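Positions annotated as domain 'SAM-dependent MTase RsmB/NOP-type' by TrEMBL: 147-415. Per TrEMBL, S-adenosyl-L-methionine binding site is recorded for 261, 306. The active site, nucleophile feature in TrEMBL is assigned to 357.
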Ligand SMILES: C[S@@+](CC[C@H](N)C(=O)[O-])C[C@H]1O[C@@H](n2cnc3c(N)ncnc32)[C@H](O)[C@@H]1O
């Protein structure tokens, strides 16, 4: 389960990994953001040290359920890290003490006393018990095991080719010329997959706006909206605009595209990305804005609702999300409320895509069912091409089957 360490561990890296884990586990912060912040504050760290700290942090998070059972709820980042290294045989107590771990002997004892056989299958698979039970009901035990195993893998680097600026063939050629291994993604025609991590900012084709990092599943989800040049489209939960940019490219920069979100800070990250991508004419709006919604009612050709969710389909990239408390009824109620508001924007005959990166039916099929029960003027869109397993309606992407993050997307049409 734990990846080999890419070099010898020294006290500064030990402290860095333990500090980041403390923020992720006990302050409920996102691992990738904490790592980015740490590296930005310690610019002297070389790429090998950064890789080492990242490997340690993600190694702990990919074994989090088991480590939590051993460490106990209130343990520090240092305790999790020590247990992880001891359990993986990557350090002994003397090494840990030399690194600065004050309680190495205590954690070694805790590990020895722990009854591994008492762990549930869910904890061994690194899945919270309630989610494991729901998945077993939904997918069966065999698929649940395969899903959990896939979600514990490191995700590849997927890039979306920005067709406003380049073709996939041009991007592949540019990467090859730069000596970077890359291949065409199997499911999305705009996807280029890199088997190894690279510092994107160093790539010419990134700096020129030819590519954006985006999971292949996210690319398919944006495509599920069927955006056409000249249409009037809203991305209702746009965030920092990953899918907005993909929709804008599908519209070939022609038409009217709105990015909406309640989070002003996320929306602010979109204009520079749009500029780099040469996506002109994008309009932003912070919600809630009842007056604006009322004025725009019935005027959009298509609306994407990429709803806030548990993120259970993205545990490869955000493994810490599995540690967060999950209130499914509250999430589903929020998702339904957002979908109902967004639906008012659609003209008759318009397309509404409800999407999440959750693999739980309570956040997906159940929300669609509740929405349709209250909105007889919406129906499943009969015009979605049934071209491939990854392009059905609803779109259901599973990491163990499709090799991308897990997503659900259902396209509805207003009668
Ligand atoms: C899954 S994220 C969207 C990710 C984004 N579409 C992307 O591709 O990067 C969900 C977004 O919904 C936003 N959100 C939450 N409640 C909302 C609401 N009531 N109306 C609109 N957006 C909302 C959050 O701020 C968050 O940015």
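Glycine is no exception: its Cβ is also placed from the backbone N, Cα and C atoms.
All annotation found in TrEMBL is predicted automatically rather than curated by experts.
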Integer average pLDDT (0 to 100) for the domain 'SAM-dependent MTase RsmB/NOP-type' (147-415): 96
Rounded to the nearest Å - Cα separation of residue 306 (S-adenosyl-L-methionine binding site) and residue 357 (active site, nucleophile): 8
Residue among the binding-site residues 261, 306 whose Cβ has the most other Cβ atoms within 10 Å: 306
Neighbourhood of the residue listed as 'active site, nucleophile' by C-beta distance under 8 A, where only residues 6 or more apart in the same chain count: 217, 218, 309, 311, 312, 313, 314, 405, 406, 407
